[in-house]
Structures are given as C-alpha cells and as structure tokens.
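Asks: The structure is given below, and queries will be raised subsequently.
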Amino acid sequence: MYSASLEPTLISLYFASAVGNLIAIIVLSVSRQQRKSSAFYTLVCGLAVTDLLGTCLASPITIANYLNPNVLLDQHVCEFQSFLLLFFGLTGLSIICTMAAERYLAICCPYTYQRWGVDRRFAQKLLLFIYISHIFFCCLPMMGMANSTLQPSETWCFIDWRKHDPVSTTYFVLYSVVSLLLILGTILLNLVVCGALLMMRQRVVQLPVTRGSVRERWRALSSAAETQMIAVLVMTSVVVLACSAPLVVRVFANCFSDEKNFKADLAAIRIASVNPILDPWIYILLRKSLFRRFLGLSRRGSSSRSSSPPLAQTTLFTTSIVKDSSVFTQLMCNASIITQLPATVTFTPRDTERASSRLDSAE
C-alpha cells in the first residue's frame, strides 16, 4: 500500500504549495493601497492564506504517515486529518462563492454595493464568519454526528461513509448539499457577471459615433483593474471547482450507493490536494503589471488603427465623455468606478444631473 517513491513527490508538492502561497500573499500585500483596501482582494488574500494553512497542517500528517504507517492508526490524529479535509475543502468553496457574489454586487448592483459598505472590513467580517461557522460544522463528526475512519488505502482519513445510520447519513447529505450549492452558486454568479459585462459592452458599441471613438469609450468603461478582477475570479473558480467537484461527487455516490470504489475515492482526494498548489500561481501570473502587458498586446493585435494608449482610470470624467449623458450614466453604473473610489466618496443619481448642469452652464 505504501510506495517509497511517493515520499519525494509528496515533499516536493508540499513545498511547491507552501512557497507558491507565500509568494502569492507577498504579491497581494505589496500591491497598491487602493487594491489592498478593496473587498475583492481581501477575499483573494483570505483564500491564499486558507490554502497555505491547509497545506501546512494537512500535508505533514500525510508525509509522516508515509514514513511511519502507524501515524493514522491513532484515532485522534485520524479525526484531526478528517476535520482538516472537511474544513479546508468547504472553506475554499465558500470563499470563492463569496468572491463571485462580491463581483456580482459590484457590477450588477453598484448602488446596493455602496449602500452596504462593502469594503475591506466587510470582507474581513465575512471571512471571520466563514471560518467560525465552518469550524463548528466540520467539528460535528468529532461530536458524535459521524465517525472518522482510516480509508482502505491507509493513506488518509475521512468520514466513514460506509455507515448508513440516520445521523451519519444526514451529515453526509448535508455536507454534500452545501458543497453542491456553493459550486452551483459560483457558476451561476460568474455567468451573470460575465453576461452583464458583455451586455454593457454591446450597449456602448451601439451608441452613436462621435469624436471619441466607440473603442476608446469601451476602453474607459472596462478598465484594466476591473477586467483583471474578473480574470482572477474566473480562473480561480475553474481551478477550485475542478479540484473540489470530484470529492463532492464521491461523497454523494458513497451516500446513495452500496457499490464502493476506493480507487475513485483516493483519486478524488488527490485531485482536491492539487488545488492549493495551482491557486497561488493564478494570483502571481495575473498580477496587474503582467496583466496590463497582456491586455496591451491583445489590443494591439485586435486593431491596427488604435495606436493611442488605453485611457487611465482618471480620464473617466473628462468633458468629452461626460457631455454624452447616456455614456456618463452607463459609466456611473459600472463597478470599475464605484469600487475604485475611496470609502468617503458617495454617489447618488442626483450627482449625475448636477454634473451635467455644471457642464451646460460652463458652455
């Protein structure tokens, strides 16, 4: 059941995950104050810290068990590893779903986003709530609601899904349903956000052409920062869901089927363990400097006519754009403005009328 050749591989994966998440946390920490104070990047940093904690707590137990097969025979160690797998699997799904919900509010409901005061502190409170509630929920097996047992491969511990008593089955189903709802919620919110951005782009393109070209207006509307957030969200969602879904499927299968497939169970937990290794490289590779270069190259390739550089975030309020009231209203509804402003700045629909009247009087 044990293979000595796996030990160097496990140690290498452990260090790759730990180093990757440390670099990701450093990259997120040295970013601009404006980004560090946003709710989205607070949640991203929370996910990186969660992956790092999961790696540092769970991987040493697995490595120690390969070195000494008697480690997981201790029931307390077995229950602890089972708790770690339950907790970090569910917490990762919850944070990525919260990130998708934050982008949905920022882009589709910007006034609600501002009225609720969604900022760094708000995100920190959400992370604290996720941690506390999930610790309690994942401690239920140790409180007697389910049993943790050494799996047939003798390399990992998890809840004993071979027991079919009503209490244990209730916990299995509850854990599976919550995980499935988080997965479906993340997919749905990502689709809505991407659809809203595409519809917004289509509306801007359909506006009458004036001196400021439609292409330049779209560049102002879809800032690099906003596009980067969506790219990070979508890529992270794909990785987290792809790594977590097999384990959720196996929990469902073991709850409602008497046929056991231990190889599939082991493959599912191994796929889930790849998640904290891949996640940090998304934040590293999609950091703002590299993303702007990629965005600039893609824009140059898409059109040879557009030789001017993309408009900066501060050019959103230039006179040529504000004069077109429909464009200005669209810009006001875009989250790339609302979410980038300091917490002390507030906007109401009256501000749009005041800005337009001032420009008319200036003319």
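Heads up, the Cβ atoms here are built off N, Cα and C, so glycines get one too.
This is the feature table in TrEMBL:
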type	residues	note
DOMAIN	20-283	domain 'G-protein coupled receptors family 1 profile'
TRANSMEM	12-31	transmembrane segment
TRANSMEM	38-63	transmembrane segment
TRANSMEM	83-105	transmembrane segment
TRANSMEM	126-146	transmembrane segment
TRANSMEM	172-199	transmembrane segment
TRANSMEM	220-247	transmembrane segment
TRANSMEM	267-286	transmembrane segment
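Can you tell me where each of these features sits in this structure?
Replies: When pLDDT values are averaged over the domain 'G-protein coupled receptors family 1 profile' (20-283), the model yields 86.
For the transmembrane segment (38-63), the list of distant contacts is 7, 10-11, 13-14, 17-18, 21-22, 24-25, 28-29, 31, 71-72, 77, 80-81, 84-85, 88, 91-92, 95-96, 98-99, 102-103, 106, 118-120, 122-124, 126-127, 155-156, 229, 232-233, 236, 273, 275-276, 279-280, 283, 339-340: same-chain residues at least six beyond its ends, Cβ to Cβ under 8 Å.
Long-range contacts of the transmembrane segment (267-286) within the same chain: residues 13, 16-17, 20-21, 23-24, 27-28, 44, 47-48, 51-52, 54-55, 58, 85, 89, 92, 156, 158, 228, 231-232, 235-236, 239-240, 242-244, 246-247, 249-250, each at least 6 residues beyond the stretch ends and with a Cβ under 8 Å from a Cβ of the stretch.
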Asks: Give me the stretch from 12-31, 83-105, 126-146 with the greatest number of Cβ pairs under 8 Å to the transmembrane segment (172-199).
Replies: 83-105
Asks: In the same chain, who gets a Cβ under 8 Å from the transmembrane segment (83-105) while lying at least 6 residues past its ends?
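Replies: Those are 39-40, 43-44, 46-47, 50-51, 53-54, 57-58, 61, 112-113, 116, 118, 123, 126-127, 130-131, 134-135, 137-139, 141-142, 148, 156-159, 175, 178-179, 182-183, 185-186, 189-190, 192-193, 229-230, 233, 236-237, 240-241, 244, 247, 269, 272, 275, 335, in sequence order.
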